[in-house]
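Enquirer: Please read through the structure below; I'll follow up with questions.
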Amino acid sequence: MPHTLWMVWVLGVIISLSKEESSNQASLSCDHNGICKGSSGSLNSIPSVLTEAVKCLDLSNNRITYISNSDLQRYVNLQALVLTSNGINTIEEDSFSSLGRLEHLDLSYNYLSNLSSSWFKPLSSLKFLNLLGNPYKTLGETSLFSHLTKLRILRVGNMDTFTKIQRKDFAGLTFLEELEIDASDLQSYEPKSLKSIQNVSHLILHMKQHILLLEIFVDLTSSVECLELRDTDLNTFHFSELSTGETNSLIKKFTFRNVKITDESLFQVMKLLSQISGLLELEFDDCTLNGVGDFRGSDNDRVIDPGKVETLTIRRLHIPQFYSFNDLSTLYPLTERVKRITVENSKVFLVPCLLSRHLKSLEYLDLSENLMVEEYLKNSACEDAWPSLQTLILRQNHLASLGKIGETLLTLKNLTNLDISKNTFHYMPETCQWPEKMKYLNLSSTRIHSVTGCIPKTLEILDISNNNLNLFSLNLPQLKELYISRNKLMTLPDASLLPMLLVLKISRNTITTFSKEQLDSFHTLKTLEAGGNNFICSCEFLSFTQEQQALAKVLVDWPANYLCDSPSHVRGQRVQDVRLSVSECHRAALVSGMCCALFLLILLMGVLCHRFHGLWYMKMMWAWLQAKRKPRKAPNRDICYDAFVSYSERDAYWVENLMVQELENFNPPFKLCLHKRDFIPGKWIIDNIIDSIEKSHKTVFVLSENFVKSEWCKYELDFSHFRLFDENNDAAILVLLEPIEKKAIPQRFCKLRKIMNTKTYLEWPMDEARQEGFWVNLRAAIKS
């Protein structure tokens, strides 16, 4: 019994392991380049089903808690390993020993409370290392990164437990492109801990409090090019002269992101910035200013000159006391050297005229996503305002009149670039005034329905994309680039109006086709982007686009964005891949050929009808159809005549004087039906013939040369034959009045020829002695 239980347990373990391996394999997807994605797959361990060909392995957002020495041993070619957001709390010492080619390692947001330098010693090729969000207090007992000579991007720290930075922490690192330190709860900083890094292109420092900021700042001035301070409360910051050290600063850009500041602390920050001799760019993103704009300091000192700062960027600045804010007049003297200013999404509605006049060096001004209107813009662009301004961006404000904007900006003599996109204009006046040097105008997403002469003729670049335009017919002789995508144009613009055009982007309109002639008319065109239109894939269009090899160099979005909209059977297919049949591509020739063939067929039928009396046959067919529509033959009691006599008018003498006399004067007499005597006047002759034949017991045909030349005799013969065929009786009697050669009977008398071949006929004898026998035989034939 114990042996049986042991076997059951072993089998259970094996089955469980096999299921786990199968689950791991199902959670992974690998491509032919060796990139395997297994994120969010509920994996409990690193899969062992992969081969050494794997180069990139993404196992983020799983449930891996432990990495053993053998888990990654086979992945000798691995270059990127992403293990972020698992539950990893333990990594064995030699877990990464086989990863000598690894360049990217992400262990962020796990539960690693202790870091070991032995993990990283084998990683001689490592360039990226992310250790953010793990609950360690320090960066280990020994230097973690001293062996990582190729490391360029390093991210360390956490929001809660990382409290201490030591001098050994960054030993061995000489150059980093990016260093991010989350020191939100930092309590201890050993001087010169960051000074060991000789050069850092971009340092991101998270600090909730500013207590240790100056100590860290001293170590950074000579090694960091771009310093970014995040999530810091500077409301009580105070600059201390004793904290300054290096005067030869390398910092060129200082960014404050999600920082809280007051009027007084900003004054102190200005003091700090004045110590950075090479500072050129200052940026404030998502910051909060708890003040009213009085930056003179509590001791009434003068505002500190920020030095050589040329670029100032402010994005999404929150000012709780916005409606009590001052006019910034205290900062006016500091703005004369600034060349680039961006104030985006910060509720700016006015730049005071006096401030605009102080911005003498300003070349670039971006006031996007603010509250500017024409009236306040006129005050901002007053006389002598922004004398050096070349680029003005007023995207997504509250502007509504193109005419007023152009007139207002006439004071800006050097303005060349204007972006007023994402405002709402709707209407464009026929004429406008603009600065003489205007080269670039952006009117995209302004809801305009048409373009007029309001557009300045001096433009070299025009962007009117994402509007409601269905026609573009402006003459812009200097225009080099036209962006007109996402409109309702149905054809390319007239090339003669744009003789200098180099770039045309006209995607996502309603264009159905364009031709080689149209493209060739743009003599200077180098780039065309016309994808996303509703192309009609005609044979001409396909031939042009598929056979012109040079076209691919001009169409920058070819072939992916060029799809057929019609014909329906190729809708959604790439223009490059569509092939139409010969009948679709040569329809005109095909229709012409069919028409010619039809004409020849009709001509042939006409010749045949004439040759074989086709018209006569059709008449007979019509008569026969009319006869077939009539009721069936009347019963025997309706038979009125013994015989209907069919004869030619030229044989009337023989019929009326001989035949009628012999038969009707015989005892008992025969009753004959003759057309001259018995046809009902006013009745259609065809109906008379049909009725007479149907009311007669027999039909006597008096055959002669005259008979076969008579059309009506032919009708009578055919109807008699139809009767014979339909009623299966022997109603026809042939009387040969004169010898007739069968070959002499016309082909159209096929019935007569057939009857003469199948029936015995009576021949009228010229010998009088034999004529009595003829009449006896005829009477007998009629009675039969």
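Cβ coordinates are placed from backbone N, Cα and C, and glycine is handled just like the others.
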Enquirer: Looking at the disulfide bonds in Swiss-Prot, identify which of CYS353, CYS432 pairs up with CYS382.
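Expert: So the cysteine paired with CYS382 in Swiss-Prot is CYS353.
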Enquirer: Of the ranges 491-508, 707-724, 725-742, 761-778, which one does Swiss-Prot flag as motif 'ATG16L1-binding motif'?
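Expert: Comparing 491-508, 707-724, 725-742, 761-778 with Swiss-Prot, motif 'ATG16L1-binding motif' matches 761-778.
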Enquirer: Note the mean pLDDT of the repeat 'LRR 19' (501-524), expressed as a whole number.
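Expert: The answer is 94, the mean pLDDT of the model over that range.
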Enquirer: What same-chain residues, at least 6 away in sequence, bring their CB to under 8 Å of the CB of CYS36 (disulfide bond)?
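Expert: In sequence order, the residues whose Cβ lies under 8 Å from that of CYS36 (disulfide bond) (at least 6 apart) are LEU28, SER29, CYS30, LEU50, VAL54, CYS56, LEU57, ASP58.
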Enquirer: Taking the Cβ of CYS454 (disulfide bond) as the reference point, list residues of the same chain whose Cβ is under 8 angstroms away and which are at least six residues distant in sequence.
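Expert: Within the chain, CYS454 (disulfide bond) has Cβ neighbours under 8 Å at LEU402, GLY403, GLY406, MET428, PRO429, GLU430, THR431, CYS432.
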Enquirer: Quick test of the contact rule: Cβ under 8 Å, at least six residues beyond the ends. What residues does that give for the repeat 'LRR 18' (479-500)?
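Expert: For the repeat 'LRR 18' (479-500), the sequence-distant neighbours (Cβ-Cβ under 8 Å, at least 6 residues beyond its ends) are 444, 459-473, 506-512, 514, 518-519, 521-524, 529-530, 532.
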Enquirer: Does CYS382 (disulfide bond) have same-chain partners at least 6 apart in sequence with Cβ under 8 Å from its own Cβ, and which are they?
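Expert: Correct list: CYS353, SER356, ARG357, THR411.
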Enquirer: What residues elsewhere in the chain lie close to the repeat 'LRR 13' (362-388), defined as a C-beta under 8 angstroms and at least 6 residues from its ends?
Expert: 335, 338-353, 356, 394-401, 404-405, 408-409, 411-414
Enquirer: Hey, what's the Cβ neighbour count for CYS353 (disulfide bond) at 10 Å?
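Expert: Excluding its own Cβ, the number within 10 Å is 16.
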Enquirer: At a 10 Å cut-off from the C-beta of CYS30 (disulfide bond), count the other C-beta atoms across all protein chains.
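Expert: Neighbour count, Cβ to Cβ under the 10 Å cut-off: 17.
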Enquirer: Taking DSSP states H, G and I as helix and E and B as strand, how many residues of the domain 'LRRCT' (525-579) are helix, strand and coil?
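Expert: Breakdown, helix to coil: 19 helix, 11 strand, 25 coil.
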